[in-house]
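Student: For 168, the entry in TrEMBL reads site 'Transition state stabilizer'. For 248, the entry in TrEMBL reads active site, proton donor.
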């Protein structure tokens with residue numbers, strides 16, 4: 001169902017040498033360049049600059065960046081090691097505050113670091129914990145894609161093909177494995193069940209145009225890019241069967257935070273009676289957020305909206321508001337697809 005050979009890779013990690021390379025996604029689709037990540041500063045930079053993006057991938061890159069750094073250092077005491085790891089974790093948290101997967105991964109690492117022992121023992125324990133996070137992401141992603149595949153094929157008679165819509169990029173470029181929403185779409189395509197994918201270009205960073213189109217073309221999935229403002233008319237004229245999106249975090253009441261424009265899609269899907277599915281690993285659930293009102297929304301620089309590839313399309317002093325995310329209320333969501341199953345938003349908390 002998920003063909004490892006036929007996916008783009010967002011990172012390359014050599015476990016024997018503790019060497020990490022990440023794909024510079026800002027250069028896609030025109031150039032493929034891998035950047036070395038040698039420490040947490042490098043990890044912070046590639047995450048903050050959006051050379052690396054996608055909540056699951058951000059978590060893995062942040063964790064592996066820490067692994068690479070501590071593997072090359074010696075610590076005189078357990079206290080020194082703890083102080084170092086704590087400071088680096090706090091630093092990494094500031095890179096993309098809306099991506100809860102990174103915080104969950106860092107909390108797991110910090111809990112492991114509390115183990116009794118000297119600095120070397122703590123260091124080995126943390127490295128093992130990070131490697132487990134890295135490998136677990138692949139297994140969780142496999143389950144996530146399978147659960148999503150089963151949910152979508154249940155919407156129509158066996159053998160039916162689907163017209164699907166998505167926003168942003170949620171494929172192998174957003175994870176260290178197959179992807180979330182786009183991973184499900186590619187799995188359906190491998191079963192010859194995709195008639196057409198309508199992918200929003202995803203202003204202002206064009207993740208749909210630059211990244212999702214690249215992945216869909218690479219996997220030979222039939223697709224068309226549409227502007228974000230074409231979504232309603234596309235749903236009306238092309239009878240979309242389902243909308244599949246990602247989420248950077250999920251509140252306890254089932255509200256989801258995702259790329260700006262997702263809320264718009266959910267409203268449109270509700271009006272057109274189209275099932276709407278966030279596809280997320282369970283690690284995207286934020287136990288500290290009761291609802292979407294509690295989720296902080298990152299705002300990006302004005303230049304990202306006013307320019308394309310460094311060329312300004314508006315006056316540099318044009319006032320803009322540029323939130324990177326929005327929140328989709330739970331009552332607009334059909335089900336949330338996770339690696340542990342597909343749940344109605346109100347059941348998410350109960351299923352943990």
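Cβ atoms here come from the backbone N, Cα and C positions, even for glycine.
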Student: What is the separation, in Å, between the Cα atoms of residue 168 (site 'Transition state stabilizer') and residue 248 (active site, proton donor)?
Tutor: 12
Student: Given a separation of at least six residues and a C-beta threshold under 8 Å, show me what packs close to residue 248 (active site, proton donor) in the same chain.
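Tutor: Looking at Cβ-Cβ distances below 8 Å from residue 248 (active site, proton donor), excluding near sequence neighbours, one finds 55, 98, 99, 100, 101, 257, 258, 259, 284, 325.
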Student: What is the Cβ neighbour count of residue 168 (site 'Transition state stabilizer') at a 10 Å cut-off, with all protein chains included?
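Tutor: Taking all protein chains shown, residue 168 (site 'Transition state stabilizer') has 28 Cβ neighbours within 10 Å.
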